[in-house]
């Protein structure tokens, strides 16, 4: 890709593909960034807050572990199907781009507006409220109900901060994805190692596994609800497909990202659930609103553990659990912003959203470059509007604009 240059000599966020296909976002996402994006979006608040839903519907620990493994297998199959679709339709936008290519403009139009107006905002709001709950609780010890105005204010601040990060720099947003993904994996490993320590000390509820499949339900409806609960924790397996145009070597790295991220997350989920079952009794699991907190948090630190008044594993380090949930939800919300913004960009490029949403900012301040439409193929880059650099109009060939080198 031929890359645009900023006035300070650095590379801009946009470049022009060889062959005159127009201005596109640069390919900055490598394999491990793709793995971090996929794993980071999947590991959200679900595995920390309420995985007991699977156990409630299945009725037995062994069957619940089978459901978790089955959810991982379903996520893997779906992600591999999306990888194949991405090879056939090498565009960002995920299912929007595939529906547009296969079924035409009208279904794609309906999908994108459902996504933009309902699905993605609701998901970001829900994750941000979870972030706010765990971020605020330490400042209100002894309060079973947090002030709603404070919770909503912190959630709104989280949304605004992530919006600014993603508007300012794709590289900064990618870096945040990587950092949060590492923190999430580390926090899950803490739970896994804590369960192993408890087992090694002989204090684990090993009797839970002696009758692992006792009382397993055979009702199709309850099994379906258990899978629904589990799949919620795997949501995000398709996020890399939203940014395929920014992925380095996408035909190879997308498949490798799927093959690394989903087995990793599935294995961690299984080990974390085994740790929960070793540390918590069945009654504690079923009555807990936040299993990870009940697993490791002191009563006097977080009132959500009133159902579990004894110290469990971490003791004085129990504050790591709510911190892990805060980082997890913050990273998940950032991943949703990162992928969702690309869907809006692709939809605007196809004429399904406001045209200014397909603009690319080539400078951190005021250098605005309009993205070429796909049908506008030319041997030289045509800028259909004024290009601004440091607030002053310049010609397309002036320093700070995109040019071929």
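Including glycine, each Cβ sits where the backbone N, Cα and C put it.
Here TrEMBL flags 29-50 (among others) as transmembrane segment.
Among the features that TrEMBL reports, transmembrane segment is placed at 62-85 (among others). Residues 38, 42, 54-55, 94-95, 98, 209, 212-213, 216-217, 223, 226-227, 230-231, 233-234, 237-238, 241, 254-255, 258, 262-263, 265-266, 269-270, 273-274 of the same chain, all 6+ positions outside the transmembrane segment (62-85), place their C-beta atoms under 8 angstroms from a C-beta of that stretch.
Sequence annotations record features per position, and here TrEMBL assigns transmembrane segment to 139-164 (among others).
The feature transmembrane segment is assigned by TrEMBL to 176-199 (among others).
Per TrEMBL, the feature transmembrane segment maps to 254-279 (among others). Residues of the same chain lying 6 or more positions beyond the ends of the transmembrane segment (254-279) and with a Cβ under 8 Å from any Cβ of it are 31, 34-35, 37-39, 42-43, 47, 51, 61, 64-65, 68-69, 71-73, 75-76, 79-80, 83, 86, 185, 188-189, 191-192, 194-196, 198-199, 204-206, 208-209, 233-234, 237, 240-241, 244, 247, 285, 291-292, 295, 312-313.
Marked as transmembrane segment by TrEMBL: 286-304 (among others).
According to TrEMBL, the transmembrane segment annotation covers 316-339 (among others).
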Stretch among 29-50, 139-164, 316-339 sharing the most Cβ pairs under 8 Å with the transmembrane segment (176-199):
316-339
